[in-house]
Amino acid sequence: MAHKNVFRRDSRRVIHGIRILLAALLLPASFAVFAANTPSADASKNELKNLQLNIAEKEKSVKEQQGKRTDLLGQLKKQESDIAVAGRELYSTQKGLKKLDGEITTLGADIKQLDLKQKTQRALLSKQLDAAFRQGRHQGIELIFKGDEGQREERILAYYTYIGAAREKTITELEETTRQLHSQRQEEQKKRAEQSNLLGKQQTEKKKLDTAQSARKSTLTKLESSLKADQKDLLVMRENESQLRNKIAKAEREAKARAEREAREAAKVRAKQAQAKKKGSTYTPTQDERSLMSRTGGLGRPAGQAMWPVRGPVLHRFGDSISGELSWKGMVIGAPEGTQVKAVADGRVLLADWLQGYGLVVVVEHGKGDMSLYGYNQSALVNVGDQVKAGQPVSLVGSSGGQERPGLYFEIRRQGRTVNPQPWLGR
C-alpha cells in the first residue's frame with residue numbers, strides 16, 4: 001500500500017508540475033508577450049514553441065508512463081497477493097511440520113517405553129517358564145508322592161493352575177505390548193511420510209515466495225526508475241521555463257507599453273467628448289477613434305450582451321471537474337469541423353499560435369484587462385496585432401491539441417484570472 005501511495009503521490013506531482021508549467025507559459029496574466037512583433041519577441045515565441053513541443057512530448061511520455069505504471073501496479077498487486085498466499089501456505093506448512101515433529105517425538109518416547117516393557121515382559125515370561133520347568137523336575141515329584149492320593153491330586157491341580165494363569169497373563173500382556181508397539185511404529189512411519197511430503201511442499205512454497213518477492217522487487221525498481229526519470233526531465237523543463245521567463249519579460253513590457261498608450265489615447269477621446277458636452281456641444285470621434293475606444297473599453301459587466309463565438313451543444317462548462325482537483329477554466333462548445341469562430345467583442349489579436357493542451361489558439365484583448373481565448377481551432381483567420389470587430393470570424397473550428405472530437409474551447413480572462421464566460425453570452 002505504501003508504494004501505491006508513493007506512486008500515486010509522485011504521479012500527481014508529475015502531472016501537476018506539467019500543468020503548472022503550462023499554465024505559466026501558455027496564459028500569463030496579460031498575454032502581452034504575443035503582441036510584440038520585435039525580433040526579441042519573435043525569438044522568444046519560437047523558443048517558447050519549441051519548449052511547448054518538448055513539453056507536449058514529455059506529457060505524452062508521462063501519460064504513456066502512467067499507463068505502464070498502471071500495468072505495473074496491477075502486476076505489483078498480483079505479486080503481493082501471490083506473496084500473501086505463498087506466505088500463508090508456508091506458515092500453515094511450517095505449523096503442520098511443527099505439530100508432526102511433536103507427534104513423532106511423542107511416538108518415539110512411547111515406542112521406547114513399549115520396547116522396554118516388551119523386554120521386561122519377555123524376561124518375566126522366560127523366568128516363569130524356567131521356574132515351571134524346574135518345579136516340574138523337583139518339587140513336583142515330591143508333591144506327587146507326599147500325602148495321601150486325594151491331597152496329591154488337589155495340590156498338583158492347584159499348582160499347575162496357578163502357574164498356567166500367571167504365564168497366560170504374562171503372555172497376554174506381552175501380546176498387547178507387541179501389538180501396541182507395531183501400531184505405534186506404523187503411525188510413526190505414516191507421520192514421517194507426511195513430514196517428508198510437507199518438507200517438499202515447504203521447499204516449493206518457499207521458492208514461490210522467493211520468486212514472487214523477486215518479481216515485486218523488480219516491479220518496484222521499474223516504478224521508482226520511471227518516476228525519477230520523469231522528475232528529472234520536469235526539473236530541466238522548469239529550469240528552461242525560468243530562463244525563458246526572463247526573455248519573455250522584455251517583450252511583455254513592450255506590449256504593455258502599447259496597450260497603455262492606446263488606453264491613454266482612448267481616455268483623451270473620452271475627455272474631448274466630456275469637454276464638448278460641458279460646453280453644450282458634441283465631439284464626434286473619428287472611425288479610428290471609435291474603433292480604439294471600442295477595443296480598449298473592456299467587456300463590461302456580464303449581462304448576455306455578447307454573441308456566442310459558435311453555436312452548438314456545451315460539452316463542458318466552466319468549473320466542471322476534469323479529474324481530481326482539476327476543473328475546466330472555460331467552456332467547450334461542440335461544432336462541425338471548419339465552422340467559423342467569431343469574436344465576441346471588439347479587440348486586438350494578441351496571439352494566433354499553437355499551444356500545448358489548447359491546440360491552435362487565438363487570443364483577443366478587449367482592454368481593461370479583459371481577454372477572450374478561442375482554442376482547438378483548425379485554422380486561424382487573423383494575425384497577431386490585427387484589430388477585430390465583434391462578430392468577425394477569427395478562426396475555424398477544429399480538434400487541434402489532441403482532441404477526440406471537433407469543438408471550440410472558449411475562455412474569458414479578467415485581470416489575468418479565468419472567469420465563467422457563459423453569463424456574457426446571449427446573442
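Backbone N, Cα and C define each Cβ position, glycine as well.
What TrEMBL says about this protein:
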type     : residues : note
COILED   : 41-68    : coiled coil
COMPBIAS : 177-194  : compositional bias 'Basic and acidic residues'
COMPBIAS : 211-224  : compositional bias 'Polar residues'
COMPBIAS : 270-280  : compositional bias 'Basic residues'
DOMAIN   : 328-421  : domain 'M23ase beta-sheet core'
REGION   : 177-224  : region 'Disordered'
REGION   : 270-292  : region 'Disordered'
SIGNAL   : 1-35     : signal peptide
Contact set of the compositional bias 'Basic and acidic residues' (177-194) with the rest of its chain, CB cutoff 8 A exclusive, min separation 6+ beyond the ends, reads 100, 103-104, 107-108, 110-111, 114-115, 117-118, 121
Reduced to three DSSP states, the compositional bias 'Polar residues' (211-224) has 14 helix, 0 strand, 0 coil
Residue counts (helix, strand, coil, in that order) that DSSP gives for the domain 'M23ase beta-sheet core' (328-421): 0 helix, 55 strand, 39 coil
Please spell out the DSSP helix, strand and coil residue counts for the compositional bias 'Basic residues' (270-280). 9 helix, 0 strand, 2 coil
